[in-house]
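Below is one structure; the comments refer to it alone.
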Amino acid sequence: MADQRMDISSTISDFMSPDPADLISSSLSTSGVDCNRKRKGSSTDYQLDGFPFEEGMDTDKDDQHGRLDYADQQGRIKNAREAHSQIEKRRRDKMNSFIDELASLVPTCNAMSRKLDKLTVLRMAVQHMKTLRGATNPYTEANYKPAFLSDDELKHLILRAADGFLFVVGCDRGKILFVSESVFKILNYSQNDLIGQSLFDYLHPKDIAKVKEQLSSSDTAPRERLIDAKTGLPVKTDITPGPSRLCSGARRSFFCRMKCNRPSVKVEDKDFPSTCSKKKADRKSFCTIHSTGYLKSWPPTKMGLDEDNEPDNEGCNLSCLVAIGRLHPHVVPQPVNGEIRVKPTEYVSRHAIDGKFVFVDQRATAILAYLPQELLGTSCYEYFHQDDIGHLAECHRQVLQTREKITTNCYKFKIKDGSFITLRSRWFSFMNPWTKEVEYIVSTNTVVSTSVLDSGDAAFPQLAASPHSMDSVLQAGEGGPKRSHPTVPGIPGGTRAGAGKIGRMIAEEIMEIHRIRGSSPSSCGSSPLNITSTPPPDTSSPGSKKILNGGTPDISSAGLLSGQIQDSSGYPYSDNSSILGENSHIGIDMIDNDQGSSSPSNDEAAMAVIMSLLEADAGLGGPVDFSDLPWPL
């Protein structure tokens, strides 16, 4: 037992106290492990008792692996960039191909002589889509209607509401493709008479160009100008307008004159004294039509037309104008009761000093039924009623002599259908500030309703009927007895042939008065239309018409010619007579009539005084001595 205990104790002691050599070897092995954990940057070789190890070799391997990883990463980034560039390039190429395809589909882009930028192509494409919207919009199609209405019933309702006729005209040649039966009520032509005919054959010659412009307007001339995004300059187009490029769905509204198939009346040639009367009679065969509609395109198969004779169309759609024509009213309806205050129906016109129209407001068409170009160049006296010419001629004289506004009484004016409408005008003259001459007369013409005339309003005085007023004016101007004026066939009564020369006579009369005033010594330096000087006392007997030999005519208030009246401005005008009439001319013959006071000495003295006056007026002489005159001043 004791031996066993000794063996166990020795074993434990050996275990608890190891051999020094074992301790050294274990410590070296532990230190070797620690040396391996030093930083990679060291290149020193450690060697202890036959145990060498190298740290530098491990760090070189790590650096090599790091460089390889960096190169691989850079390669991957480069490959990714190249792949992105290829993707972007393919996207740009695809977009450019789509832009080119879109440009080939848009007519305005396809016809350009140079390549357009992308923004311009897109802008043109958007504009082209807007022009095509009218053809695809269901609200503009004929099938947009209630289900319980048939096509014929809808057509009759539209024509009844519009009070006109429906027509379809081809835009290429103006051929009438369809017209409704209601055209007979307006133009007195049947449906079969117009279908297949050219619209231009039934238009007024002056309106053909306007209608052609309405039919040929296309999307090649848009309202807004296209601007190149790169250069900033407007894009020029070389497109030739064609039927396939018309703006389908574009609205149209215009006025034109069309022939009316009125019953012909056989009139012998002897009834027409001149060709002018024939022209006036032919002018009444046209009526003003207001056409409103839109352009429309149909495939030729839908129209059922034969295209064998149309090789130029190349299978394109047929472009037409679908419109409703309504007879344009010439008189605006007036309110029945005078209680409602409305804007007066009026128009403005401008006349030359002889009364001829030089400008007419467009509102005159709705009142008189004349187009402005029909009135230009004609005299206003041709449209006045013969009972009102005397009063209007007097107003004409006053407006040429004064600067004030002249308001006429109510008078009758002939409209296009031959009847008369009651007007009241306000006239004033425009004077050139440099030449002091009247340039033109401005007239504001207001329509007077029948209810106002019947009420006898004092603000609208009426003229008393005087059948011989025009004859008196013509007789005074011509200086002869009254002559009979034949009535022209085809022109309604109420006006006289030759009335247009009244305005010319009045203009010549006023010009003669201005000339006499301008040549008078007492009127030098003053305007012929603004004479307010006080006349010298008249020593001759009242009512005397004779002028002393060698003297100058004294046109003052005390020495006026017979039948003349002096207005508020001191300017004389005649009452229903002309200053250029018979026994009223001022000339050498009238001066020579006074033989009692004529002698060579008196003539020489008068001539000397006149020459002195001229020299004094020109600043060439001294004061004038009037003591040598043979008559008292």
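Cβ atoms here come from the backbone N, Cα and C positions, even for glycine.
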Which range of 94-104, 149-159, 413-423 is motif 'Nuclear export signal 1', per Swiss-Prot: 149-159
Per Swiss-Prot record, range annotated motif 'Nuclear export signal 2' [choices 161-169, 368-376, 458-466]: 368-376
Distance from LEU132 (site 'Important for interaction with CLOCK') back to GLU88 (site 'Interaction with E-box DNA'), taken between C-alpha atoms, in Å: 34
All-chain count of other Cβ atoms within 10 Å of SER85 (phosphoserine): 10
Spatial neighbours of HIS84 (site 'Interaction with E-box DNA') that are distant in sequence (at least 6 apart) but have CB under 8 A: none
Three-class DSSP secondary structure - GLU88 (site 'Interaction with E-box DNA'): helix
Most crowded position, judged by CB atoms within 10 A, among ILE87, LEU132 as recorded sites: LEU132
Residues that sit under 8 angstroms from ARG92 (site 'Interaction with E-box DNA') by C-beta distance, when 6+ apart in the chain: none
